[in-house]
Each structure stands twice: as C-alpha cells, then as structure tokens.
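Read the structure below first, then the notes.
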Amino acid sequence: MAYLIKGVSILGAEPTDLYISDGVISAPVEGAEVIDATGLVALPGLVDVHTHLREPGREDAETVETGSRAAALGGYTAVCAMANTSPVADTAGVVEQVWRLGREAGLVDVQPIGAVTVGLAGKQMAELGAMATSAANVRIFSDDGFCVADPKLMRRALEYVKAFDGVIAQHAEEPRLTEGAQMHEGEVSTRLGLTGWPAVAEEAIIARDVLLAEHVGSRLHVCHVSTAGSVEVLRQAKARGIRVTAEVTPHHLLLTDELAAGYDPVFKVNPPLRTRTDVEALRQALLDGVIDVVATDHAPHAVQDKECEWAHARPGMLGLETALPIVLSVFGPRWDLIADRMSIAPARIAGLEGHGGDLTQAGTPANLTLVDPAAQRIVDPAELASRSRNTPYAGMTLPGRIVATFLRGEATVLDGKAVK
Amino acid sequence: MAQPRADAPSKIILAGSDLHRVVDRIAHQILEKTSGATGTVLLGIPTRGVPLAHRLAARIHAFEGVEIPVGSLDITLYRDDLRLNATRALGKTELPAGGIDGLRVILVDDVLFSGRSVRAALDALKDLGRPSSVQLAVLVDRGHRQLPIRADYVGKNIPTALSESVKVTLTEIDGADEVKLIGGLK
Amino acid sequence: MIKHLRSAGDLDAATATLILDTAAEMAALSGREVKKLPALRGRTVVNLFYEDSTRTRISFEAAAKRLSADVINFSAKGSSVSKGESLKDTALTLQAMGADAVVIRHSASGAPHRLSNWVDGSVVNAGDGTHEHPTQALLDAYTMRSRLGRLDGLKVAVVGDVLHSRVARSNVLLLSTLGAEVTLVGPPTLIPLDVVAALSKTTKVSYDLDSVLPDSDVVMMLRVQTERMQDSFFPSAREYSRRYGLDVTRMRKLPEHAIVMHPGPMNRGMEIAPEVADSPRSTIVEQVANGVSVRMAVLYLLLGGK
C-alpha cells in the first residue's frame with residue numbers, strides 16, 4: 001500500500017507532499033492513496049517507554065491488543081510494556097509471550113520490559129541475559145511498581161546489564177519512607193488525613209542511583225520523575241557527566257495534589273500528584289533536557305479497583321490516548337520539542353531502531369502520526385479504546401486530534417479511528 | 001400556602017394603644033373565666049406568643065395582684081409540615097418551676113389560622129406533663145380552620161381571604177405594636 | 001443547611017452556631033420524662049460501622065431514636081461487608097432500603113465522601129481513618145461553650161498525636177471557624193509540618209506543653225496509641241508521658257477556670273493521669289452526655305426539613 005499525504009506540515013514546516021511506499025518514506029510513486037492532510041502536522045510515531053498493558057494476568061483491565069489500539073489512537077507506533085504482569089515478565093518465556101501478542105495485534109511495536117528481580121520481589125536478580133537474548137530482545141529492565149531498594153542489588157543490576165547494553169529503569173521510591181503512603185505528603189495530605197508520600201523518598205533513591213551508576217559506569221533511566229528536588233539531583237548528575245536519562249508523565253506535567261480533595265481515586269497514582277511548584281519544575285526540566293522524555297505510565301485499572309475507598313484503590317491513570325493533547329496544552333505547538341521528547345529520545349533510550357526517524361529523508365521507516373492541532377475534544381472515558389476508564393481528564397477540553405497513524409507504512413489509524 | 005408579595009398593599013388593623021386594650025380585655029376574660037386565674041399557667045408559643053403571654057401575666061398581676069407562672073412551648077419538632085419546608089431553627093421550651101401537672105394551661109399565640117400550630121402544641125404538651133385542662137388565647141383569629149380547634153379567648157376576629165396574611169409585630173421583638181392585614185386589598 | 005456532614009470544614013460559623021444552639025434545646029428537652037420527640041418519625045437512619053466503636057454508635061443510635069427515626073445498625077462484622085462486599089455495593093443496598101441518612105464510621109479516610117456519591121440521603125461522618133470526626137468536634141465545642149460561656153477568643157491546647165487524630169483535625173477546623181485560638185502541642189514527629197497551612201492559619205504549634213498550659217482555657221488530651229512507639233514516633237510510653245502527659249503537677253499550671261477534655265477512650269497513666277481524668281476540671285463524662293444532644297441536633301438539621 002502506498003500513500004500520498006498531501007499538504008502535510010512536517011514538524012510545523014511549510015506544507016508539502018509526503019509519499020509512503022514499501023514501508024518507508026519514499027520518492028513520488030504512482031497510484032498512491034491520497035490523504036488530504038491540509039492543516040495537519042506530521043510527527044515521527046510516538047514512542048512510550050513506560051506502558052502497562054496488563055496482559056498476562058489482568059485482561060479485564062487491558063490486553064496487549066486493546067492497549068495497542070489505545071496507543072495507535074494516541075499517535076504511538078511503539079510502546080514498552082512494563083514487567084508487572086501476572087506472571088511477572090521475569091523470564092524469557094513471559095517477555096516472548098508479550099512480544100508475540102504485540103506482533104499479532106499489529107497496531108504498534110510492543111517492546112517488553114523485563115523485571116530486574118524475580119517476581120519484582122527485590123531479592124534475587126532475574127535472568128536478564130536470557131530476556132535480552134530472547135526473541136523479545138529486551139533492553140530495558142524495571143521492577144516498576146516497586147523500587148529496587150537494596151543498594152547492593154541495584155549496583156549489581158546496573159553492572160550486569162552492561163554486557164548487552166541494557167538499562168535499568170528505576171521506580172525511585174524508598175519503601176521505608178512510603179509505608180502506607182496514599183498521596184503526596186504536604187498540606188493536602190495533612191488536611192485529608194491520608195498518609196503522605198514524601199518527595200524525599202524519590203529524591204534520595206535518585207541521588208543514590210546516579211552515584212551508583214557513576215561508580216560502575218552504567219546507564220540509568222529514572223521512571224516518572226515527580227518532584228522539583230529530583231529535577232535538581234538529575235541536573236547535577238548530568239552536569240557531572242553521569243549517564244542518566246529520565247522521564248516525566250503527562251499527568252505530572254499538568255495535575256496537582258489538590259485534586260485528591262474529593263477522594264476520587266481516579267487521581268490516585270504512584271508517584272503521586274505533587275504541588276504546583278513541582279509541576280513548574282518538571283516542565284522546565286523537560287524544556288531544558290534535564291528530563292529526556294515524556295512517558296505515559298499508562299496504567300489501566302478495572303472499575304472495581306477504582307470505585308472504592310481511596311486507600312483501597314490501585315494507583316495509576318490511563319495515558320496513551322491523552323498524552324499528546326496534554327503535552328500540546330502545556331507547551332503549545334513546539335513540534336521539534338514534542339518530536340524529540342515523545343519519539344526520538346524515547347526510541348534512543350529504548351534502542352528501538354526505525355522509530356523516531358527523520359520524516360524528510362527518503363528511506364526512513366514510515367512510522368509517523370498526523371495531528372490536527374486546531375481540533376479540540378472533550379475527554380469522554382466511554383469513548384476511549386482502552387479497556388479501562390480511569391482517565392483523570394474526563395470532561396476536560398484538550399487540544400489536538402490524532403487523525404492518522406502509520407506503522408511501517410501501514411495505516412493503524414485513519415480519520416481518527418483505529419483501522420483494526 | 002401562598003404568601004402575598006412583599007410589595008402587596010397592607011392595612012393596619014390594630015396599633016399601639018388599641019392593641020394594648022385588646023390584651024387588657026383578654027386578661028380580664030381570663031380572670032373572669034378562671035375565677036381569678038388560680039392554678040393557671042400561661043405558655044407562649046414562640047416566637048410572638050411568648051411576649052404576649054408575659055404581657056397577659058403582667059396585666060393580670062396589675063388588675064388583681066395574682067402572679068401567674070409563664071413559660072414557653074416550642075412546637076417545631078411537633079409540626080406536621082416539617083418536611084414541606086427548609087429545616088426550621090428551634091425555639092425555646094421553658095416550663096415554669098412548678099411544672100404543668102394538674103394545672104390549667106393557657107396556650108398563648110399571636111394568630112389562630114389553620115389550627116395546626118395548636119394541634120402541634122397539644123402534642124408537645126402531652127410529652128411534657130398532664131395539665132388538668134388546656135385553653136387557648138390568641139390575639140387575632142383570622143378564620144380558615146383546617147382542624148376542629150377553637151380559641152377560648154380571642155382579642156380580635158379579622159375576617160380574611162386566603163390570599164391575605166395577618167402580620168403581628170410586638171415591641172419586644174419587632175420594635176412596634178401592630179397588627180397588619182397584607183395583600184388582597186385594592 | 002448543608003446536606004452532608006463529612007468534614008468540620010463543611011460548616012461556616014453561622015451553621016456551626018445553629019447546631020450548637022439546637023443542641024442546647026435538645027439537651028433541655030432530654031431532661032424531661034418523655035424523652036422522645038416526633039420530628040424524624042418515618043425517617044430511616046442507618047449506622048454503617050466498619051470499625052468497632054460502641055460509644056459512638058450508641059450515641060448516634062440514641063440521638064436518632066429520641067427523634068423517632070427508625071434506626072438500622074449495619075455492622076461490618078457478620079454482614080456481607082466482611083465477605084468482601086464493596087462500599088459501593090453496600091451503598092446501593094442502603095439506597096434501595098430508603099436510608100434518609102447514613103452515619104458512617106470507616107477506617108479509610110474519605111470513605112464518607114465516596115459514600116455521598118452513591119446515596120441520595122445525607123451522609124454523616126462518624127470518624128473516617130485519620131481524617132475527621134466532626135460530631136466529636138461539635139460536642140467538644142458544645143462542652144467548652146457550656147462550661148466557659150463562649151468560644152470566641154478561647155485559648156485551646158490540643159495535645160498529642162495530631163498526625164493520626166481525626167478528632168484533632170475536626171477540632172482545629174471547627175474551633176478556628178468559631179473564633180477560638182488553637183495551639184497544637186506534641187512531639188514534632190506527630191505534628192505535621194504543614195498542619196497550619198493545611199487546617200487553619202490562626203493555629204499555633206508548640207513542642208513544649210509546660211509553656212502552653214498557663215495561658216490555656218482548655219486543654220484537650222488526645223489518645224496516644226502505643227503502636228506509634230514501634231513506628232519511632234517517640235521512644236517510649238514513659239518518655240511520652242513525661243514530656244506530654246497531663247499529670248497533677250502540670251494541671252496546677254492551668255488557670256483556675258480551665259477545663260481538661262479527652263475524646264476517649266483514655267489511656268490512664270499515659271497521656272492523662274487518673275487524678276486529672278477524675279478531677280472537677282475534667283469534662284470527660286459530660287462530653288459523652290453532650291454527644292447525644294449534639295448528634296440529635298445534627299440529625300434534626302440534616303433531616304428535619306425537606
């Protein structure tokens with residue numbers, strides 16, 4: 001299938017015609033299907049380094065297929081599936097299963113993340129090498145949901161993955177400082193009587209881990225940075241030349257802890273929503289490159305896990321279908337920035353070749369998405385493609401509509417609808 | 001019940017000394033009908049029944065030197081229209097030191113209309129003790145009874161239309177003594 | 001009038017004063033021979049208790065019954081709740097039963113807020129986690145007002161585990177609304193850094209009980225749970241008691257008129273010495289009696305009208 005994307009603006013540049021054939025950006029070809037892209041902006045397909053697809057184990061909340069569809073509708077062409085499934089993705093068998101399910105769905109590239117420790121228990125290193133050399137070709141390892149809290153184990157993991165150019169993605173949360181934690185520790189938690197999750201519990205682990213990474217000369221990736229203090233630690237680490245990358249979620253760029261006031265667990269997430277000061281610092285850090293990427297931490301949860309008491313609810317929010325609109329609403333149409341932080345840099349961190357490519361170059365794999373920046377939509381949970389409904393943005397009007405997405409030249413989304 | 005509008009025309013029926021003469025007359029009637037008001041207690045129904053009860057006691061004392069115990073009986077919790085309106089604040093219920101058991105209780109209110117307030121007062125009274133008899137004194141009877149209730153002492157009968165309302169003001173509460181008929185007039 | 005009483009912060013000064021005034025009338029009526037009043041005849045009040053608290057439950061039960069409401073006690077133990085039924089499903093059951101008010105005690109902060117999304121009736125918070133206990137604050141305020149004649153300008157020291165105390169949160173909110181000056185006293189581990197910004201800008205914090213007592217009209221001792229020791233909030237019961245317990249020597253530092261309060265249940269010998277708890281300054285027994293009047297007032301004001 002060949003496409004002519006007519007009058008499209010690549011990263012906000014003057015409108016041009018873009019041809020896709022044989023899965024790559026190509027020279028003009030005959031008989032291409034024409035897509036009128038007047039007013040649309042083309043971005044390299046978005047890449048999410050932090051997605052929870054819930055399969056295997058919680059297919060009532062999300063499956064690889066439904067999550068893939070949500071991702072494609074959000075403009076993504078690749079997602080990295082976190083390891084905290086049931087069973088945990090801590091063996092070659094499980095990561096290959098997830099990888100194969102992704103291929104079968106065929107909507108985005110599903111790149112499994114392997115667990116750092118067996119069962120995410122933080123005690124014994126998982127068979128990282130076996131996962132790396134499996135068909136799934138795992139490069140990112142993470143116990144996300146839990147912190148690799150044991151400093152010795154963290155050090156060893158950082159060292160061990162050097163053998164296959166792996167990276168440890170740390171969920172930075174000192175567990176002793178967050179026992180029973182329900183939300184950001186501060187004024188609002190005090191008022192609401194909910195046990196606080198202090199910023200220092202994140203900052204202390206990041207500080208420790210950047211020093212460990214420096215000591216053993218390894219790469220470190222920090223998941224979902226949420227505090228102004230963490231930003232300062234990362235800024236200094238990068239200035240020292242430590243090989244650390246970091247992500248921020250759309251929700252931490254927009255929402256604050258005040259939203260917990262009604263005790264609606266749709267706003268419960270880990271790390272928790274922080275203060276306005278933290279939000280401002282995270283935005284600046286993303287602009288400065290101290291934080292490298294936007295990652296969704298898309299975390300679907302079944303209704304019964306959210307329609308309950310705050311303390312009993314599971315933490316997490318949907319993110320794939322709203323990430324680009326949130327980033328647009330925060331930063332405006334800064335397309336080069338968006339392409340870098342949501343596609344190019346994440347593809348580089350995850351080692352996903354073929355994603356985050358240059359759309360002006362013939363031969364670049366045709367992984368791209370078309371956005372209508374002038375469109376607005378009101379977020380309706382019922383309309384989301386995810387199997388779950390736990391979006392914190394229900395009722396909000398957000399800018400930008402994903403019109404089409406292409407994975408290796410095949411349309412996964414056309415006219416704003418998933419092709420399959 | 002429909003209330004006349006705030007800017008509806010009004011007419012003063014009683015004011016100042018006229019109203020005082022009416023209270024004096026009720027006091028005389030009580031003395032007459034109760035053979036000197038012995039064994040009698042006056043219970044005012046808040047809000048304006050309470051100062052009226054005190055005035056009656058003062059006049060009776062002035063005429064005959066008899067001290068009649070005075071109290072107040074709030075009927076809010078006994079009303080049958082509680083759920084038809086926003087929650088009402090409670091008035092005071094204060095019985096005289098000697099209580100009401102075995103005594104003649106005279107309930108005092110400003111306006112007798114449907115009779116529902118009096119029914120509520122009788123219910124409230126039953127939970128407070130057992131008087132030997134209960135009588136009713138009102139400053140104004142405007143008619144339109146919805147229950148088989150009548151007053152033993154009436155200051156003034158004012159025939160009214162349902163669209164009208166009667167407003168009593170008293171110096172103790174409102175700063176002036178007046179009975180007004182509001183609405184319905186051209 | 002408000003629809004729910006989920007937080008003492010729901011109450012403005014006028015509404016809080018109306019509740020206290022109404023409670024005073026209810027107290028006067030409860031002295032008589034026939035204690036029952038007909039105001040809530042035909043109304044259904046459900047006591048939904050996920051935590052054992054006999055004293056709070058019977059207080060609400062007595063209040064509802066004196067107002068002639070039908071009372072259904074729904075205890076988490078031995079019901080479908082203990083078999084894992086969700087709060088939402090329980091709420092829908094109560095809704096189907098026609099509950100006009102649900103009085104809820106729950107170990108999770110915010111459970112009353114959640115419940116109020118799922119039932120049409122009024123929700124009264126009878127203690128939720130470490131959040132609030134607004135009727136306790138109302139009965140405390142009522143007790144202070146009846147003993148000392150006013151709340152405005154009253155100096156109240158709240159002593160102990162503020163961090164985990166729902167009583168403290170509700171008291172700070174309500175007393176500040178009504179013009180009292182609250183000082184929170186305790187070890188820094190138990191007084192959150194943000195408490196002043198979170199609850200009331202006029203609240204003060206002190207770590208030294210002895211310096212606060214001479215200038216207090218009311219000292220309210222909070223229950224201190226010994227399991228806090230295991231969590232390193234303070235080293236030992238003995239040290240806590242020495243630094244923050246109210247014994248006879250400390251009580252003498254209070255002005256002549258000052259009163260001593262405790263929401264109960266007390267740890268005698270820990271935060272309060274038995275001689276203090278039983279002294280004439282202590283209002284602890286009065287607080288229990290006032291609880292019924294205050295809860296009658298709350299139920300009447302929430303349910304008495306349309």
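Using N, Cα and C of the backbone, Cβ positions are placed for all residues, glycine too.
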Say TrEMBL lists A:HIS171, A:HIS224 as binding Zn(2+) 2: which of A:ASP144, A:ASP257, A:ASP264, A:ASP278 is in the same site, per that record?
A:ASP144
To which of A:ASP292, A:ASP297, A:ASP305 does TrEMBL also attribute binding of Zn(2+) 1 at the site defined by A:HIS50, A:HIS52, A:ASP144?
A:ASP297
If you count Cβ atoms within 10 Å of the Cβ of A:ARG54 (substrate binding site), leaving out that atom itself, what do you get?
28
Other Cβ atoms within 10 Å is the metric here; tell me which of the binding-site residues A:PRO315, A:GLY316 scores highest.
A:GLY316
Same chain, 6+ residues apart, C-beta under 8 Å of the C-beta of A:ASP144 (Zn(2+) 1 binding site), given in sequence order
A:HIS50, A:MET82, A:ALA83, A:ASN84, A:ILE113, A:ALA169, A:HIS171, A:CYS223
Densest Cβ environment (other Cβ within 10 Å) across the binding-site residues A:HIS50, A:HIS224 belongs to A:HIS50
Residue among the binding-site residues A:ASN84, A:ASN270 whose Cβ has the most other Cβ atoms within 10 Å:
A:ASN84
Using only the Cα atoms of A:HIS52, A:LEU53, A:ARG54, A:ASN84, A:ASN270, A:HIS301, A:PRO315, A:GLY316, which the record gives as binding substrate, return the largest interatomic distance in Å, rounded to a whole number.
17
Which number gives the other C-beta atoms within 10 angstroms of the C-beta of A:HIS52 (Zn(2+) 1 binding site), all protein chains shown included?
27
So around the Zn(2+) 2 site, A:ASP144, A:HIS171, A:HIS224 aside, which residues have their CB within 8 A of the centroid of those CB atoms?
A:HIS50, A:MET82, A:SER142, A:GLY145, A:ALA169, A:GLN170, A:ALA172, A:GLU173, A:CYS223, A:ASN270, A:PRO271, A:ASP297
What average pLDDT is reported by the model for the domain 'Dihydroorotase catalytic' (A:41-228)?
98
